[in-house]
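Take a look at the structure set out below.
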């Protein structure tokens, strides 16, 4: 495994560990570079029936754009549809880790997806709060 893949794997393992510490059931399922034919997101996390799916991408420069190839994006979007999960692009840049809802990504003319540096994302704590807000129950849920 080259240094770039090792660094990306380390970031994914760190996210998995942090989500697990927050009470999620988490699976790391990296498929890039494998012979796998069915695209799946890098991280699948579940908590009380709420599913979040994270496709991780990283860049060395803070201002660079992050691209997801059309074929890969279509596959993980279909996975999200089938699972009922919320799909996020996890973006790791120097000093930055954010999670962008996939629907906020821009499409290029060739159908690829791109995250510009201006797109707002959630930090890990905000992502956890988003999930916890979905699972919080009020008395109305039981009436």
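Any Cβ shown, glycine's included, is placed from N, Cα and C.
These features come from Swiss-Prot:
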ACT_SITE  32  active site
BINDING   12, 42, 55  Mg(2+) binding site
SITE      57  site 'Transition state stabilizer'
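This view paints the features noted in Swiss-Prot onto the structure.
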residue : record              : DSSP class
12      : Mg(2+) binding site : helix
42      : Mg(2+) binding site : coil
55      : Mg(2+) binding site : strand
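Taking the mean position of the Cβ atoms of 12, 42, 55 as the Mg(2+) site, the remaining residues of that chain whose Cβ falls within 8 Å of it are 28, 29, 30, 41, 43, 54, 56, 57, 90. Ranking the binding-site residues 12, 55 by other CB atoms within 10 A of the CB puts 12 at the bottom. Other C-beta atoms found within 10 angstroms of the C-beta of residue 42 (Mg(2+) binding site) number 23, with every protein chain shown included. Residues near residue 57 (site 'Transition state stabilizer') in space but far in sequence (CB under 8 A, at least 6 apart, same chain), listed by position: 66, 67, 68, 89, 90, 91, 92, 115.
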